[in-house]
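Chemist: Before I ask anything, let me first share the structure, which is written out below as structure tokens.
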Amino acid sequence: MRAEITEKERVSAIKEAITIIRRNLPEYTYKCQDANSNGGIYKPIDNIEWTTGFWPGELWLSYLETGDEIFAHAAGILVTSFYERIKKHIAVDHHDMGFLYTPSCVAAWMIKRDAMAREAALMAADNLVSRFQEKGSFIQAWGAMGADDNYRYIIDCMLNLPLLYWATDETGDEKYRTIALRHTATCIANSFRPDYSSYHTFFMDKETGKPLRGETCQGYKADSSWARGQAWGVYGLALAYRHTGEHSYLDLFEKVSAYFMEKLPEDMIPYWDLIFQSGDEPRDSSSASIVACGFLDAADSYEKLQEYDKARKYRKAAKELLKAVYDTCMVHADESGINGLVKHGTYSKKSPYNTCTEAGVDECVSWGDYYWLEALVRLGGTWKSWW
Ligand code: GLY
């Protein structure tokens with residue numbers, strides 16, 4: 001039987017995380033946190049990466065847990081930076097508007113009714129909508145719109161879509177939701193194989209809009225399952241159900257989740273690609289935390305549907321994953337030489353078959369820290385999701 005994180009461990013993990021976050025405040029209030037640590041330390045950067053929303057997300061979670069205005073104040077300073085970024089169109093020619101603007105600005109609007117944050121998040125939603133390709137019915141992930149080598153979407157985009165549902169709820173304009181639904185339909189039709197493993201990226205035909213082929217950028221090879229891609233699929237489907245009530249999304253969520261769980265090694269920390277289940281390849285602890293968030297979100301949905309066995313099943317699995325992260329990856333506040341929250345994340349690992357540039361292998365990664373804290377806070381049962 002696998003151990004589950006206890007309430008005592010959850011509370012102590014949040015305390016340790018917030019101690020580290022508080023200590024990091026001087027470093028990342030007027031600068032952003034890099035995507036990954038190097039040798040355990042994140043360097044401060046300008047607001048130009050796709051990942052800079054995660055640190056303010058950690059600040060908002062810390063604020064909600066402690067009520068200490070210092071966290072809200074620091075997050076508020078970053079809201080100005082996010083407003084400037086979208087207003088001036090700095091490093092936003094890609095689809096990662098949800099990762100950027102949901103935990104930073106939607107959170108700021110929900111918690112503090114910060115009007116600048118709302119405006120920034122709506123501009124980001126407009127930017128995301130502008131990347132929709134009618135031919136193929138998808139949001140183009142990267143590069144110049146319509147570029148031959150980038151006529152594709154990636155599975156990660158499922159986490160950018162909640163920004164669009166939020167924008168429709170906020171403005172009453174259905175265009176955001178319609179695009180989210182159309183992209184979801186394309187993703188569901190193409191990104192999952194018959195065994196419910198997933199492609200990282202998927203190309204569409206620019207002339208006909210027909211699906212062409214799956215490939216990978218950050219996974220081991222085109223027909224393997226990049227662990228984080230599968231994790232984005234799990235959490236993205238749980239969120240898609242919550243925003244639409246479309247039960248077939250939950251049915252698919254179960255199958256994609258089962259594939260992820262079956263491919264875990266004994267200690268439950270996934271290798272960076274699910275093709276590996278033993279050996280010395282690096283792990284990606286962030287995938288475990290992302291999936292735990294997805295499981296907790298789905299558990300709430302099953303609860304509302306009165307499908308209590310399923311609610312219990314996914315809450316239990318989430319607690320097992322979090323226990324694994326707690327035991328083997330969590331950074332303790334008294335550890336020296338490391339300023340992240342969770343070890344053993346992998347951003348991009350080069351393989352003979354993929355196209356990524358190697359970065360952040362066996363390091364802390366900013367989304368790994370964020371989703372770990374989100375999962376711990378979620379488990380407390382009172383958090384209102386900004387996704
Ligand atoms: N969305 C990019 C990544 O997960 O690395």
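Cβ atoms here come from the backbone N, Cα and C positions, even for glycine.
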Chemist: Determine which of ASP34, ASP156 appears in TrEMBL for the same substrate site as ASP96, GLY214, THR216, ARG228, TRP232, SER348, SER351.
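Modeler: The candidate from ASP34, ASP156 that TrEMBL ties to substrate along with ASP96, GLY214, THR216, ARG228, TRP232, SER348, SER351 is ASP156.
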Chemist: Looking at the recorded positions ASP96, GLY214, THR216, SER351, which have a C-beta within less than 6 Å of some atom in ligand 1?
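Modeler: Close enough to ligand 1 is none of the recorded positions.
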Chemist: Can you tell me the CA-to-CA distance separating ASP156 (active site, proton donor) and ARG228 (substrate binding site), as a whole number of Å?
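Modeler: Given the Cα positions, ASP156 (active site, proton donor) is 8 Å from ARG228 (substrate binding site).
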Chemist: Where does GLY214 (substrate binding site) sit in the DSSP three-state scheme?
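Modeler: Its secondary structure by DSSP: strand.
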Chemist: Express the distance between the Cα positions of THR216 (substrate binding site) and ASP96 (active site, nucleophile) as a whole number of Å.
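Modeler: Spelling it out, the Cα of THR216 (substrate binding site) and the Cα of ASP96 (active site, nucleophile) are 18 Å apart.
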Chemist: Please work out the number of neighbouring Cβ atoms within 10 Å of the Cβ of SER351 (substrate binding site), leaving out its own Cβ.
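Modeler: Step by step: centre on the Cβ of SER351 (substrate binding site), count other Cβ atoms within 10 Å, giving 19.
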Chemist: Which residues of the same chain, at least 6 positions away in sequence, have a Cβ lying under 8 Å from the Cβ of SER348 (substrate binding site)?
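Modeler: Expected: CYS217, GLN218, CYS356, THR357, GLU358, ALA359, GLY360, VAL361.
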